[in-house]
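S.K.: TrEMBL feature annotations, pasted as is:
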type: ACT_SITE; residues: Asp7; note: active site, nucleophile
type: BINDING; residues: Asp7, Asp9, Asp165; note: Mg(2+) binding site
Amino acid sequence: MKSIVFDLDGTLVDSAPDIQAAANRMLAAQGLDPLDLPTIISFVGNGLPKLVERVMRVRGLAPERHGELTQVTLDFYSRASADLTRPYPNVIKALETLSGAGFALGVCTNKPEAPARDILCALDIERFFGVVVGGDSLAVKKPDPAPLHRAFEALGHDARLYVGDSEIDAETAERAGVDFALFTEGYRKRPMEALTHAFRFDDFAALPGFAMQCA
Ligand SMILES: O=C(O)COP(=O)(O)O
Ligand SMILES: [Mg+2]
């Protein structure tokens, strides 16, 4: 039976509004103007430390303060990681269908593991997942294939599918040697044709049919 691992931000959940709120609270604490949602979305993908680095660069903050301001942003985010974050339409139904059909499910995200787990719990979808690998769970992050390998190893099945929304996810799947399904409504920057994928979908209602056909 097949195992399926999901990316989190821009794939299972639209989380950018809470990420934006945390980044803007950090900026406000420095007396700086907020950033709009499209700008924040363009900074998501390589994990929270990288997002803070990008926010600092556009607001002219000294790079030496990166460690401190990453912690400030993470503290704000940890206190409110699921206030505005919602699953995309039909995500919960798809997870129910897939787990009911015997698929082993997991999460591999570049978001730090603690807020990733908090979000899954707050949205009551943690029960579907046998493993959660975060951006700080290992020494390396996606697009290094190690976090994805770790997730699939924990699920313990051979046939493998990774579901994600970004160029980072497509590259990670390619380097890990697993099939990739692209959710087209997330935070991708390049045209969907530019990303290697076995399947693409704009509605989670379409995913179980594809997964079952290749299981
Ligand atoms: O936290 C990020 O920057 C990206 O997270 P994701 O890997 O779940 O898309
Ligand atoms: Mg993503």
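From the backbone N, Cα and C atoms, a Cβ is placed for every residue, glycine too.
Note: TrEMBL annotation is automatic and uncurated.
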S.K.: If I take the alpha carbons of the residue listed as 'active site, nucleophile' and Asp165 (Mg(2+) binding site), what is the distance between them in whole Å?
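M.R.: The residue listed as 'active site, nucleophile' to Asp165 (Mg(2+) binding site), Cα-Cα distance: 7 Å.
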S.K.: Please list residues from the chain of Asp165 (Mg(2+) binding site) whose Cβ is under 8 angstroms from its Cβ, counting only those at least six apart in sequence.
M.R.: Asp7, Asp9, Gly10, Thr11, Leu182, Phe183, Thr184, Glu185, Gly186, Tyr187, Arg188
S.K.: Is it possible to get the count of other C-beta atoms within 10 angstroms of the C-beta of Asp7 (active site, nucleophile)?
M.R.: 28
S.K.: Using DSSP reduced to three states, classify Asp9 (Mg(2+) binding site) as helix, strand or coil.
M.R.: strand
S.K.: Other than Asp7, Asp9, Asp165, which residues of the chain come within 8 Å of the Mg(2+) site, judged by Cβ distance to the Cβ centroid of those residues?
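M.R.: Everything else in range on the chain: Leu8, Gly10, Thr11, Leu12, Gly45, Thr109, Gly164, Ser166, Asp169, Phe183, Gly186, Tyr187.
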